[in-house]
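Annotated features in TrEMBL:
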- 23-288: domain 'NADH:quinone oxidoreductase/Mrp antiporter transmembrane' (DOMAIN)
- 290-344: domain 'NADH dehydrogenase subunit 2 C-terminal' (DOMAIN)
- 60-80: transmembrane segment (TRANSMEM)
- 92-115: transmembrane segment (TRANSMEM)
- 178-196: transmembrane segment (TRANSMEM)
- 202-219: transmembrane segment (TRANSMEM)
- 239-257: transmembrane segment (TRANSMEM)
- 277-294: transmembrane segment (TRANSMEM)
- 326-346: transmembrane segment (TRANSMEM)
Amino acid sequence: MNPYVLAILLSSLGLGTTLTFASSHWLLAWMGLEINTLAITPLMAQHHHPRAVEATTKYFLTQATAAAMILFASTTNAWATGEWSINDLSNPVASTMFMAALALKIGLAPVHFWMPEVLQGLDLLTGLILSTWQKLAPFALIIQTAQTIDPLLLTLLGATSTLVGGWGGLNQTQLRKVLAYSSIAHMGWMIIVIQYAPQLTLIALGTYIIMTSAAFLTLKMSLATKISTLATTWSKSPVLASTTALVLLSLGGLPPLTGFMPKWMILQELAKQDLPLIATTMALTALISLYFYLRLCYAMTLTVSPNTTNSTTPWRTQTTQVSLPLALFIVSTLGLLPITPAILMLTA
């Protein structure tokens, strides 16, 4: 892709998200989301592969549907209340419709079906942008309006997402689909606690972005897109394979890694709010997710691939990829748990 075009598209991505962050008016927030969608569409279709074009089309249609629902919800709210302010979402029909639209935007269950299919059709870097940066603007809107949305709806969306995210990833052989279901499960954790402690949602979103970036960049470095190619990683780069296993366990929320911190704090908050049943359900769904991460770790570190892979074998070749971002993300993914008390102090 032409570097000038790429620069324009990436700056438009930044502009769209910033516009949604800064807006207090529904139309401006909607415009920010639309700029975001239109900026990532060419990035998704840049490889001119039928799968990429198909993924781009699916993504565009779902995002356009969600944007139309947001516009309809905000118009309904303005009609009922005479206000276009984001903070004044007092109409119950509008708030429910708005939450459904944003759930479709970020891929919460039960409107998650587009997410694994779209991510599977993209290359790893565009998939990384889709899984991290594209979640920021919708989450800004959800956090601003969480107190006006029906608590039962938020709880149902959160619990369903963690269950579907764990269950859906069990039988996958494609790594991008596994990461898509992982994303759905993490979104569920963030949504379930948003009505009680929005600051915990932000902490969970931050750690999710760090861990997912580490996972995508690691897979890009090892040129792996399915489980069978993971089995050859150990002989090519033992250090990368062992850190990848730890990154995956961190995504699963295993102590003493960074991924344990948000889950621990969210479960603590749910227990504090006198919701032991929901907290237990969330902990059990985390175990389901942990199983498929362990399956990836097993394939990578404890098996030697018996078959010849169809891909060209990059046997100890010199890589031209930049490894500094990967190193930073891996260190953050593995070692941020000790700063939990500091984070608790800041968010208290």
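Placed from the backbone N, Cα and C atoms, the Cβ positions cover glycine too.
Cβ atoms under 8 Å from those of the transmembrane segment (60-80) belong to residues 26-27, 29-30, 33-34, 37, 41, 88-91, 93-95, 97-98, 100-102, 104-105, 114, 118 of the same chain, restricted to positions at least 6 beyond its ends. When the stretches 178-196, 202-219, 277-294 are ranked by Cβ pairs under 8 Å to the transmembrane segment (326-346), first place goes to 202-219. Through the fold, the transmembrane segment (239-257) approaches residues 182, 211-212, 214-215, 218-219, 221-222, 233, 263-264, 286, 289-290, 293-294, 296-297, 300-301, 330, 333-334, 337 of its own chain, all at least 6 residues removed from its boundaries and within a Cβ separation under 8 Å. Long-range Cβ contacts of the transmembrane segment (92-115) within its own chain (Cβ-Cβ under 8 Å, at least 6 residues beyond either end) map to 33, 58-59, 62-63, 65-67, 69-70, 72-74, 76-77, 80, 134-135, 138-139, 141-142, 145, 148-150, 153-154, 157, 160-161, 163-165, 180, 183-184, 187-188, 191.
Panel annotation: around the transmembrane segment (202-219), residues 124-125, 127-128, 131-132, 135-136, 139, 143, 175, 179, 182-183, 186, 189-190, 193, 225, 240, 243-244, 247-248, 250-251, 258-259, 261-262, 265-266, 325-326, 329-330, 332-333, 336, 343, 347 of the same chain, lying at least six beyond its termini, place a Cβ under 8 Å from a Cβ of the stretch. Beyond the ends of the transmembrane segment (277-294), by six or more residues, the same chain brings 155, 158-159, 162-163, 165-167, 169-170, 172, 178, 181-182, 185, 188-189, 192, 248-249, 251-254, 263, 266-267, 270-271 to within a C-beta distance below 8 angstroms of the stretch.
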